[in-house]
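The structure under discussion appears below in the form of structure tokens.
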Amino acid sequence: MRPKLVVGNWKMHGSLSGNKNLLQGLVAGVGAIGEVSASVCVPFPYLAQAQQMLAATPISWGAQNLSEHAQGAYTGEVAAAMLLEFGCRHVIVGHSERRALYGETDAVVAAKFVAAKSAGLVPILCVGETLAQRESGQTAEVVAAQMVAVLDKAGVGAFAGAVVAYEPVWAIGTGKTASPEQAQEVHAAIRALVAGRDEVIAAGLQILYGGSVKAQNAGEIFVKPDIDGGLVGGASLVVDDFLAICQAASR
Ligand code: 13P
């Protein structure tokens with residue numbers, strides 16, 4: 001069985017004092033969450049704080065983006081090697097907010113995935129369809145195209161030890177979750193796509209669900225066979241909610 005993973009995506013939220021309370025609460029509660037790995041992806045300026053507060057705990061941390069370049073004249077960008085200096089384990093790649101608001105194309109996302117993986121970070125590759133795409137029956141095609149762009153560039157071998165997150169855009173921050181059956185269907189399709197290139201890597205690939213995961217719905221989502229945990233936005237900012245979601249993944 002694949003181990004479960006729950007990752008908090010703080011997005012652009014936080015403050016030094018607020019983070020301190022949140023992280024202290026998570027550390028205090030983490031002993032009770034059982035067999036699940038937990039991680040928080042924080043804004044860049046708070047990586048040092050996460051490193052300091054989480055280093056001696058079972059909780060990992062990471063970033064929400066990185067540059068596709070190793071170094072150079074790229075004002076405002078952050079390289080994989082810099083994330084490693086702050087002890088990052090994970091980095092989110094190709095979140096739909098970055099695709100939609102910052103123009104990240106499949107090609108850029110693929111290059112970022114390669115940069116993360118080759119530096120030794122665990123990329124969390126986000127894929128997912130918009131509401132219009134779902135309503136016009138294009139979900140499978142859109143998600144497959146997003147996956148293939150990265151598989152072709154990185155090679156299937158790069159998916160060993162990487163993570164994929166299926167995040168339907170219409171479910172992010174809206175309170176609308178994909179039904180467990182809808183999510184399972186897409187997760188199974190993602191795994192089958194990877195299996196077409198390498199069955200062993202596909203069988204070991206952690207595929208997280210993201211989009212309005214809450215303490216109340218996490219259990220019914222995580223019980224599905226191809227759902228290996230969650231990528232959690234809003235609920236990751238509340239200690240008890242995030243811990244309850246981790247707990248739901250450990251059952
Ligand atoms: P919400 O959990 O707030 O819907 O956000 C999901 C998400 O985008 C995680 O990356």
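All positions are counted from 1 along the displayed chain.
Positions of Cβ are set from backbone N, Cα and C atoms, glycine also.
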(message) Asn9, Trp10, Lys11, Gly173, Gly233, Gly234 show up in TrEMBL as binding substrate; which entry in Ser179, Ser212, Ser250 does that record put in the same site?
(response) Ser212
(message) Restricting to the chain of Asn9 (substrate binding site) and a gap of 6 or more, list residues whose Cβ falls under 8 Å of its Cβ, or answer none.
(response) Cys41, Gln64, Ile92, His95, Gly210, Leu231, Val232, Gly233, Ser236
(request) Count the Cβ atoms, other than its own, that fall within 10 Å of the Cβ of Gly233 (substrate binding site), considering every protein chain shown. (result) 21
(message) Taking every protein chain in this structure into account, which of the recorded positions Lys11, His95 has the most other Cβ atoms within 10 Å of its Cβ?
(response) His95
(request) Measure from each Cβ of the binding-site residues Trp10, Ser212, Gly233 to the atoms of ligand 1 and list the residues where some distance is under 6 Å. (result) Ser212, Gly233
